[in-house]
Amino acid sequence: MDKTRTLGIVALGAAAATALAGCAGGADDADGTELTVWLTTQEPNQREAVDALVAAYEEKADVTITVEERSVDQHKDAMRQIAGTDSGPDVYWYWEGSGLGGELVDVGMSLDLTDYYAQYGWEDRFTPASLAGITQYGGFHGVPWTLQGEGIYYNKELFAQAGVEDVPATYDELVDAADALVDAGITPIEFGGTVNWDVMRLLDSLVETECGAQTADELNTGDGDWGAEPCVTDAFTELAAWGDAYLNDGFMGISNDDAAQLFFSGQAAMSLEGTWYNAQVVDNGLDPEDVGIFPFPTGTDRLYGFGEAYYVNAATDHPDEAAAFLDFLTSEEGQEIAGSNWGALSVNKDVPVDESNPLNAVWADVFAASDAGMYTNNDQNFSTAETTEYWRIQNSVLTGDLDPADAGAEFQAYRDANG
Amino acid sequence: MATVTLVTQGRTRRRTPPNHRLSRALPYLVPTLVLYGWFLVYPMLDAVRLSFFEWSGFRTDDPRWVGIDNYVRLFTQDAVFWTALRNSVVWVVLSLVIPTGIALLLALGLNRRMVGRNLMRAVFYIPAVFASITVAAMWRWIYNPTLGFVNQALAGVGLGDWAQSWLGDPRFALASIFVASIWQGVGFSMVLFLAGLQTVPAELMDAAKVDGASTWQRFRAVTVPALRPTTVVVVILTIINALKVFDLVVGMTGGGPAQSTQVLALWSYTQSFANHQFGMGGAVATVLLIVTLALVIPYMAWSMREEER
């Protein structure tokens with residue numbers, strides 16, 4: 001055997017030995033459990049908090065956590081693609097609404113956590129409002145992560161300039177305030193129409209206002225007939241009126257981010273936003289003391305909002321470890337690390353309000369005053385296809401291409417044909 | 001095996017029969033054909049197959065055979081489909097007339113000797129290099145109703161009353177997007193026409209001049225026929241690009257307001273990936289495929305016949 005050939009055989013043997021050693025090392029490393037968690041793409045401050053939460057938990061438990069982030073649409077697509085396979089995550093973040101998280105519950109992707117709720121005493125940990133989204137499908141699907149309230153942020157100085165002294169407590173008072181702002185040459189409220197869901201918040205709130213809680217629930221989440229309820233026409237009529245008189249010029253042609261600049265720069269007096277807006281108000285240079293918040297005065301005492309949760313994949317091989325991780329995330333220790341990066345209030349009822357932003361305390365009062373529960377954004381209530389049609393009809397009314405009197409019937413016709 | 005032997009200028013060359021040539025080429029073609037078939041032909045056929053099913057996109061949810069129901073719904077119940085089809089057809093027609101015409105004029109102009117000719121060519125071509133989504137973001141700002149260049153410029157010259165919500169008003173939105181597409185697309189067609197103009201025989205042009213032909217007569221009788229192969233390419237690419245316009249619409253309006261700027265390619269995507277109605281999405285894609293073939297194949301056949309004359 002010549003020298004070169006000998007060296008080659010030795011090198012091959014060494015490579016094979018290295019590969020085998022690598023395999024053995026992998027097996028040793030696999031003693032600890034690996035959990036994969038799928039999220040939507042996080043803001044930098046949220047990403048830092050995620051890293052801190054993972055690091056704190058990995059120190060406590062013999063578990064390696066791998067976090068994967070995707071954009072909103074990619075996250076939804078990825079969940080569809082892994083349904084029924086074993087290639088999905090152990091834990092996934094999702095919205096609780098029936099058209100989103102509920103869809104995954106329906107196809108069996110969410111593990112019913114009833115036993116873990118008993119084991120960890122989670123029923124006593126979370127606020128009743130945040131648990132409502134978890135128990136709505138029967139059993140316990142998911143662990144609450146945020147409960148987002150939505151209401152009207154207003155510029156106190158612009159209200160004062162327009163002579164609006166009292167915070168509107170009824171819908172008529174809200175319209176009066178908007179009229180006063182128009183008279184003072186101030187844009188009453190800003191919306192960005194290109195994203196559809198921004199203006200949808202106004203329509204959802206008008207449906208709640210005009211129809212009342214029970215009928216609104218039947219329409220949004222039940223078998224209510226959009227074509228048969230006169231209140232639906234009233235809601236779309238009011239929507240058209242707001243579009244004509246009170247919204248920023250050209251709102252249909254700009255995004256929510258562009259529209260928000262009108263509020264941040266003092267060119268619009270109100271903005272219909274959620275608890276996540278507290279941080280944005282500060283980040284965009286507004287003194288939170290100059291900003292007030294009040295719920296959209298629907299007259300039903302229900303707060304507009306939605307919940308987000310962490311779910312355990314029904315296909316996971318590690319349900320116990322996944323539940324233990326979620327227990328840490330929502331514990332007092334975990335919630336202190338999370339801070340108010342995802343919402344103004346913690347879903348854990350024992351965690352005090354983060355006072356670093358004074359608007360968080362305002363939300364605490366708003367939540368406390370909303371005894372009648374919540375009504376949810378319709379893009380979470382409806383299937384995604386229904387949502388697309390809802391937005392088309394909403395925008396057609398706003399552009400004047402559809403008579404408000406025909407809007408409800410048109411939406412109902414779509415639901416009947418595609419139900 | 002029968003072969004034909006040619007003798008050319010003292011050298012002997014064998015002409016291989018066509019079937020033998022194919023068998024020799026096949027090993028080189030197979031990898032490409034497999035990739036092409038798997039990644040292009042199969043998905044296309046599968047989209048057509050899917051159009052006869054109802055499917056949410058969940059792997060756990062088995063597609064359900066519904067026959068032609070998706071097509072019936074598309075043609076009779078889908079409030080957006082006809083808008084999307086009309087917009088796509090309008091986009092094709094406008095694309096064949098306006099940017100193609102501008103590109104030809106630019107090419108004719110920039111084919112002449114002039115100072116700064118290459119710089120001008122580059123300036124007109126540069127927008128074609130940008131990603132469509134970047135162009136969309138740029139033009140969205142240009143059209144911004146309060147801060148955008150268009151309305152600011154109109155106000156600056158005393159035409160503030162003409163200011164519009166260019167992307168927020170269904171009357172203007174599609175045309176506004178189309179203007180952006182002209183800005184982006186005209187340079188590419190211009191370069192193709194410029195390349196075609198280099199093939200116009202100089203001796204023919206000189207002969208026409210000697211015969212006293214006017215500029216228009218030289219253009220019609222010499223330039224246009226010489227540009228026919230280039231024109232075929234430009235027209236086919238324009239039709240295909242117009243039918244699959246997607247990025248600009250997504251980036252500028254998302255199909256809104258109220259679906260007024262929706263086009264077939266985007267509606268197919270929306271039905272599948274936003275509405276999670278993959279059967280309906282497949283049906284729209286199939287219609288788009290049929291429309292594309294219905295426009296391109298007859299034109300190609302006509303142009304090939306013209307070529308053979």
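Glycine too: its Cβ is placed from the backbone N, Cα and C atoms.
All annotation found in TrEMBL is predicted automatically rather than curated by experts.
The transmembrane segment annotation in TrEMBL covers B:25-45, B:89-110, B:122-142, B:172-195, B:226-246, B:278-302. The domain 'ABC transmembrane type-1' annotation in TrEMBL covers B:85-301.
Under 8 Å from some Cβ of the transmembrane segment (B:122-142) lie the Cβ atoms of residues 106, 110, 148-150, 167, 176-177, 179-180, 183-188, 190-191, 246-248, 250-252, all in the same chain and six or more residues away from its ends. Through the fold, the transmembrane segment (B:172-195) approaches residues 87, 90-91, 94-95, 98-100, 102-104, 106-108, 110-111, 121, 124-128, 130, 132, 135-136, 139, 143, 164-166, 227, 230, 233-234, 237-238, 241, 245, 248-249, 252-253, 256-257, 260-261 of its own chain, all at least 6 residues removed from its boundaries and within a Cβ separation under 8 Å. Within its own chain, the transmembrane segment (B:278-302) is flanked in space by residues 44, 47-57, 63, 66, 70-71, 73-74, 78, 81, 84-85, 88-89, 92, 232, 235-236, 239-240, 243-244, 264-265, 267-272, which lie at least six positions past its ends and keep a Cβ under 8 Å from the stretch. Beyond the ends of the transmembrane segment (B:25-45), by six or more residues, the same chain brings 289 to within a C-beta distance below 8 angstroms of the stretch. Sequence-distant neighbours of the transmembrane segment (B:89-110) (same chain, 6+ residues past either end, Cβ-Cβ under 8 Å): 117, 120-121, 124, 174, 178, 181-182, 185-194, 196-197, 219, 223, 234-235, 238-239, 241-243, 245, 263, 291, 295.
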